[in-house]
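Quick notes on the structure that follows.
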């Protein structure tokens, strides 16, 4: 349909739509007229929506399309069906043996761990008098502000493999070990160190959301709860605090998932290597980087990103299930 | 709960404060280390056993940083200029874009609104890193490699910013805009004179989140910029700490680590209260 007639139809009265024209045309006109009436709304949305479509929607759709092709960045993508996904499950030893278990382990500990820690600390800080709360908030939020460089400067020094490394130094002096350990090069320890460092940085936006959420809880509810037989603060938290701040808990849950699944860079920052020794710290994002930027198998890398997207979507549904059922409005 | 605490007076509170201070110190320890590390002279940087606090502070590390970079092809100041410019433009653009979008999504009614909200909600949980390759294809397809557009535009597509803004504007009463409309205010007037001032806390929050993301971002510089003169400080720093080995590397890394952290810290210190105020309304329903 050309744009000209429907602009006319807006400026002129309703009578201009002929009553004998077919129904779908009338519907269409009606729809377009409403769109035109709301043009200011669309105009306001345009800057965000354009970028959103260009840099989020289009790439996601393209990733899905590329995942069923073989593509090396030079030749035109060639359709191969679901081969990549089948290969991923049957041929890719690294993926099945290291990437997937590592990612699951990392996600299971860091996701809920960081989430629960955020809640505990937010709750504890909320118990403090107002005038000193800010200092503690700052102290806990600060680690999430330091970028990758600070991470590598500080933590690489702490876990460095020679005698000068902080951890080695302390353990040597306590007589717990005889010779310095190569903490970051040893596949046995790397994962645990990654988890520790990520937990340290996990008090981010989600933590602030919980702090905000705690302030919204109606304090009269606690009085009411006590009358209804709530004895200790643990019950208070479970029956009153968490249900009252459910929206914020959901938001910070979503933020926790994002933080956990994108945390692949940490192994590289700690060890300085793109591929960690014996794939000890190999997460799915590292695997994507490996195939995308070292091997230029973009089709396979896209298939991996699709898996990651599906994983994060599944996790979000799970969180909704957990917090959505309790105390439905 | 406040009543509860007051009843069995200060003992539990003292325990709590001591406990939280210990945790807080542990969390801050690496940051305190970072601050001191940047001012340590060479002999202290490699001291055995290592110390956390600096004994004889010096500015030599920063000097080293400037010297090292002036020897290179692109001066340090160029990276700094790029970073500052990109951060400033991105923050301004995100604020404007997300406030406009948030206002419309919250207060207007139009077709596709639910669809747009659903898309935003779903995209909240992606890490944009997952679709790096198609993003690269889009950017090179649009001919934006080696331009500031490639640095700024991807950040405007920030579902978190729009989401926070929309949730915040939701709690501004409808009657306010209705009254303004009755008094003959135009949409533009309502937006500029009523919405912008009222959303100040959310604007502060969005600017902190955006600034943090932009200032620490290396993805754009690594993937979309081939010219060295278009890359940012964060990229320079990452490349530097990875590639300069040995003694001078350590001192430069220490100085630069602090340099990357400081602006974020200052921003947060200024806007902390506002940020938590925004989070009151950050819920997902």
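Backbone N, Cα and C atoms are what each Cβ position is placed from, and that goes for glycine too.
Residues annotated as domain 'ABC transmembrane type-1' in TrEMBL: B:80-271. Marked as transmembrane segment by TrEMBL: B:12-35, B:79-103, B:110-128, B:148-169, B:190-215, B:252-271.
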Legend entry - For the transmembrane segment (B:148-169), distant same-chain residues with Cβ under 8 A (at least six beyond the ends): 82, 85-86, 89-90, 93-94, 97-99, 101-103, 105-107, 117, 120-121, 123-124, 128, 135, 139, 195, 199, 201-202, 205-206, 209-210, 213-214, 217, 220-221, 224-225, 230, 232, 278, 281-283
Legend entry - Chain residues in Cβ proximity to the transmembrane segment (B:12-35) (below 8 Å; excluding those fewer than six residues from its ends, i.e. six or more beyond): 5, 52-53, 254, 257-258, 261
Legend entry - Of B:79-103, B:110-128, B:190-215, whichever stretch has the most CB pairs under 8 A to the transmembrane segment (B:252-271): B:190-215
